Amino acid sequence: MSSITRPRRESDFACFPSSTPIVIDNGASTFRIGWAGETEPRVAFRNVVQRPRHRSTGETVSIVGDTDPTLMKFFDCTRSAVRSPFDDDVVYQFEYMEYILDYGFDRLGASSEVGHPILMTECECNPSFSRARMAELLFETYGVPSIAFGIDNAFSYKFNQKLGNCGEDGLAISCEHGTCHVVPFLKGQPVLGACCRTNVGGFHVTDFLRQLLSLKYPYHTANFTWEKAEELKKEHCYVALDYLSELQIFKNNKEEAEEKTRYWQLPWVPPPKEEPPSEEELARKAALKEKAGQRLREMAAAKRSQKIVELEKQLSYLEELTEQLDEAEESEATAILGRSGYLSQQEIKSAIVKATQSLRKAKGESNGNEEKADASGADKYPLVSVPDEELTPEQLKEKKKQILLKTTTEGKLRAKQKRAEEEALREKQEEQKRAENPELYLEELRARYSELSEKSEQRKRQKVNGGQTNGNHGSSGGVGRGERLNAAQKERMRLLASAAFDRGKGEDTFGMRDEDWLVYNKMSKDNDDDGNDDDESELVWIASKLQEIDPTFVSKSEAVQLTPEPPKVRPLTAEDYRIAIGIERFRCPEVLFQPGMIGIDQAGIDEMVSISLRRLMEDESVKQRLCQSILVTGGSSLFPGMIPRLESGIRQYRPYLSPLKLVRAADPILDAWRGAAAFGASSKFGKQTFSLADYREHGENLFHRYNIVYSL
């Protein structure tokens, strides 16, 4: 499941003697392993590990390197993520490192033990702890006889020195996966005390590109994977010679900006066009609708028939009961009423009238206005006109209820009639005012409408904050909704207590007078303030008049309803699936020169050269000699425009007309491994290694006193 540059050979270990070193370029991006003396590594894969579960067996498997999408569908990767053993180019997760070494040695053809010396690259000033853990892993797990470590930049510089690209004295600028380093070389040896490092590299460029595209096209976030962003970075990104000038090109929408924009078309399938339904389809839908309607009509008819049968049975029962009461004597009539559940014969007659009306309504017959009036009159309240001496105690209670209901109904009718008369008189007066002076009348209506609207809004605000505005008590002393409700409830309780007190004193006459209706209305009215309903009705009336006179008038309630609806979501088109990569092409690599763009407060690679030269305790002539041989290596050095931008940035920190020469490595990616392979095949390699016996004798102290990284 990994990307390899050469097929596995089981006979590799048999072809090489045990003294031939194995060279490992342990980069944070790519792991390369091969034999010393060769020009190409045997195996190369991405230096990551993933441990998903198999979907069918549930077994956890270890996947090293690049994954094949066609095979990853058999694994559940929701609970696992791609892990790297590195943190800022320093190995700290040796569990993952063991998986990677297992896979590398297996592809190289090793058995359970590796009986060859190991030469492994590492970053500048690698912590002794990390080197000790790596040596322990190689000695104890793989049984290697000896190990040597070296700086990858030094190997690349030495290799290019042999090719004539750089001199014995110079600078190495390494733009790596997670970091960037600047290392001075004097007489062919790295001066580690003067090296400079910043924790920004190619990984941050890729991640920044992925974030920018995800923010620009939020509905395509799933397509911007880290692997795809890496591919887009390698194909389209470049380093701007002048970042601000390049920004102005895209800001002013010049033709040059369009020429520098690249596009990536995502797969898009146009949505199917909705065709109008055919005549056959319309006929089929109409038939289904008619069938459903017929079924509902049949159900309604069956329900109506059942109701008619029940009403007829009830009416027949009531008529038979009336006949029995007419023929029976007084004692027998009382027993019959007790069994039937009715209080009097008048109540039975009222029930007959109601059942008759319901039956006629169910059959679709008209009840007649006279019968309605009759039912709303004496038949509706039959006990009101009956003397108290002729009624039983239960009938007396029912009579009091009927008296209260009748009084209430009549009071409502009288109040309604009075309001109608007042409305008619008011309409007549308003028409007279309007006829006398229409402009003055319209102005008065608008003023009255504004006044009532303000009062209504103020009343609503008081209900919310209890009469307080902006946290300060109002001068009017208003109270909140809760206090007003409490006051209304207290008033109702007082009225109820008074009515109950009056009932305890002799005869209960509540409901016999018209004044009782006002008390009842006050008890049943559920509002906070007196006159609120009147103000609201007045506001509605004035609004209707204003709309009648002024067609352009819009009330506040209608203005709220006329608020524009939120825009509907536009369907995505082929243009929305076209990813434009314009300003991102040079903005992402700019983080190498301005790490503050991604929140890292460190120096850029051009400023790092100046810092490294200041740390070098040499005279200006030596620094000038170093600046005449600057080697740029690492994967991020392959960006177009990197060398001119570096040269322009470094000149800002150097004296005027100071000599400066920058050159890119022959192969910025593989030169470190090739330099290490050449060093492993030389006679110097045996002098720079330490064996398993040395490790067991000295332990970790060996890495503090044994300067293996200086003598390359």
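Every residue gets a Cβ built from N, Cα and C, even glycine.
Quick look at what TrEMBL annotates:
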- 308-338: coiled coil (COILED)
- 409-459: compositional bias 'Basic and acidic residues' (COMPBIAS)
- 360-482: region 'Disordered' (REGION)
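Proximity of distant same-chain residues to the coiled coil (308-338), defined by a Cβ-Cβ separation under 8 Å and at least 6 residues beyond the stretch ends, is recorded for 344-345, 348-349, 351-352, 355-356, 358-359, 362-363.
When pLDDT is averaged over the coiled coil (308-338), the result is 82. DSSP places the residues of the compositional bias 'Basic and acidic residues' (409-459) in helix, strand and coil in these numbers: 50 helix, 0 strand, 1 coil.
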